[in-house]
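Taken from TrEMBL as is:
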SIGNAL    1-17  signal peptide
TRANSMEM  40-64  transmembrane segment
DISULFID  C76-C85  disulfide bond
TRANSMEM  113-135  transmembrane segment
TRANSMEM  144-164  transmembrane segment
TRANSMEM  197-214  transmembrane segment
BINDING   S200, N232, L297  Na(+) binding site
TRANSMEM  226-251  transmembrane segment
TRANSMEM  285-306  transmembrane segment
TRANSMEM  327-353  transmembrane segment
TRANSMEM  359-380  transmembrane segment
TRANSMEM  400-424  transmembrane segment
TRANSMEM  436-459  transmembrane segment
REGION    514-549  region 'Disordered'
Amino acid sequence: MLVFCGIPLFFLELSFGQFTSLGCLGVWKVSPMFKGVGYGMMVVSTYIGIYYNVVICIAFYYFFMSMTNLLPWTYCNNPWNTPDCTGVVGTPRANATFANVSAVHDTFLSCLWFVRLPILGCLAVSWVVVFLCLIRGVKSSGKVVYFTATFPYVVLTILFIRGITLEGAVSGIKYYLTPQWEKILDAKVWGDAASQIFYSLGCAWGGLITMASYNKFHNNCFRDSIIISVTNCGTSVYAGFVIFSILGFMANHLGVDVSEVADHGPGLAFVAYPEALTLLPISPLWSLLFFFMLILLGLGTQFCLLETLVTAVVDEIGTDWIIKNKTYVTLGVAIVGFLLGVPLTTRAGIYWLLLMDNYAASFSLVVISCIMCICIMYVYGHKNYFKDVEMMLGFPPPLFFRICWKYVSPFIITFILIFTVIQYKPITYNDYVYPSWSLIIGFAMALSSVICIPIYALFKIAVSEGSTFLERLKNSVKPDPDWGPALQEHRKGRYATTGPESVEVCPLKEELKDEGKEKLKEKETEKKDEIGLTIPGSNGSTLNPTPSA
């Protein structure tokens, strides 16, 4: 999945955004009929941004609760514990703390109105932190990411060294590395693998396109895509050693198999691992380090999600006021995100969180990526795009990537999607089976992002010029006149200005410009002798077309 889908799609999105210096909506000037793909990316980023910050707020909650001499989930004498709770210290099995942090096993809606105030407070803290880090856009977030992206490696290494020195760590690592061949033909396994790659690398969220739009035009995004993809997945593997070394120690202490203490989903980070940490000396210290690492990792992703939405809004509206007051847009998105996340802080919040996690951004990601490949490779034309990449990087995409973009990646994605649908199984949470009406809500969330694509396509065809349907269709997929590099100095070849009346002006975003950004000037004399334009470019320079009569 990484080699044939992950890295090729990562490179495709980076090059796509960098070539035009536009966000996930603006880039679809390449073929306006497919702009619905950009709206689908925004919907996906909205869903993920809502529940992802709830995950961060739970990490904040655990972090604050770890500031004590004894971790509160060590024993079962807490107000949130159920009668069935048993602690790992001196008893044979685990403490069910996380289930009671945000939910208890009750009906799906009966606990929806009982907001957990500590979790709500942590959600407010997490949104405030995200907003403050993005208050100046990529200028401020770029500096913060230097810390959020590097310090987790320090924490991982500390936890790894501590973990492998524990008794039973080897059994946990063996369990982690031993493949279960009987599941090789299970479509759900491959679907989960695809989801993991898309989540891990951020494909089809719109974030890669948005962040790449801030790169310099000739930046080597091919090199970046290889380094980032391999490092990212290598980090995931490394983190697996950290997790399962501790779980092996916990299984050895309890005298059970590792499979009995290993959990999946949020239960791994918020149940199994915290329980294992209670068995270590100075357990609050290890707990603080672990949850601080989770907070930093989550914030790095949340920065990208929020910036994607803000950039898309600013690009789409594009007025002088909204460009100058981008901070207010960021604040507005943060407030809306906080309000929409409130239901996930109730006692039934874990049910809704898992519902969104399983449906809101699962198969819709692969659908969006597949349609993006089809649009760029077959509608816009693979030869045109390969020339664009060569003009930008100085060399064409390697043969392997060209084959993956045209054939391999779309085929694999389609194959996984079909078999995932065939072998579909409703989600469950421990012993709780989701009611059918909740699954309908889940499918509605999944379709809400995908449905943007055909709806906008029909709209674009309807408003395009032409007397027949075929003429409208042809005009709707034709690249916009403004498609191409943002700066005039980069518009060469078929993008070059060819005549005195062909000066093309791209509606660019403010991006990295300071308060001293020059305003758009328009001078018009009675004879209309000349027009002068100064437009801020996304790469930090300005566009000054030669005045034309």
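The backbone N, Cα and C atoms fix where each Cβ goes, glycine too.
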Candidates C76, C85: member of the disulfide-bonded residues with the richest Cβ shell (10 Å): C85
Residues from the same chain, set at least six apart from the ends of the transmembrane segment (226-251), whose C-beta lies under 8 A from its own: 2, 6-7, 10-11, 88, 153, 156, 159-160, 163-164, 166-176, 197, 200-201, 257-258, 260-262, 268, 272-273, 275-277, 279
Remote residues contacting the transmembrane segment (197-214) - C-beta distance under 8 A, at least 6 residues beyond either end: 1-2, 5-6, 9-10, 13-18, 20-24, 26-27, 38, 41-42, 44-45, 48, 138, 221, 228-229, 232-233, 236, 301, 304-305, 307-308, 311-312, 361, 364-366, 368-369, 372, 509, 511-512, 538
Stretch with greatest number of CB pairs under 8 Å, the transmembrane segment (436-459) reference, 113-135, 144-164, 359-380, 400-424 candidates: 359-380
Residue pair L297 (Na(+) binding site), C85 (disulfide bond) - Cα distance, angstrom, rounded: 30
Positions on the same chain near the transmembrane segment (113-135), where near means CB under 8 A and six or more residues out: 53-54, 56-58, 60-61, 64, 101-102, 141, 144, 299, 302-303, 306-307, 310, 327, 330-331, 334-335, 337-338, 341-342, 345-349
Non-local residues, at least 6 beyond the ends, that sit with Cβ under 8 Å of the transmembrane segment (144-164): 133, 173, 235, 238-239, 241-242, 245-246, 249, 280, 286, 289-290, 292-293, 296-297, 299-300, 303
Rounded to the nearest Å - Cα separation of C85 (disulfide bond) and S200 (Na(+) binding site): 34
Env. residues of Na(+) site, Cβ within 8 Å of mean position of S200, N232, L297 Cβ: L201, C233, T235, S236, T301
Cα-Cα distance linking C76 (disulfide bond) and N232 (Na(+) binding site), given in Å to the nearest integer: 38
Integer Å distance between the CA atoms belonging to C76 (disulfide bond) and S200 (Na(+) binding site): 35
Chain residues outside the transmembrane segment (285-306) and at least six past its termini with a C-beta under 8 angstroms from it: 45, 48-49, 52-53, 55-56, 59-60, 62-63, 66-67, 71, 126, 129-130, 133-134, 141, 144-145, 147-149, 151-152, 155-156, 158-159, 162, 202, 205, 207, 210-211, 269, 273-274, 277, 330, 333-334, 337
Local Cβ density at N232 (Na(+) binding site) - other Cβ atoms counted within 10 Å: 16
Sequence-remote partners of the transmembrane segment (359-380) [C-beta within less than 8 Å, at least six residues beyond its ends]: 5, 9, 12-13, 16, 30-31, 34, 37, 40-41, 44, 47-48, 51, 191, 194-195, 198-199, 203-205, 405-406, 409-410, 413-414, 416-417, 420-421, 442-443, 445-447, 449-450, 453, 477, 479
Number of Cβ atoms other than its own within 10 Å, given for L297 (Na(+) binding site): 20
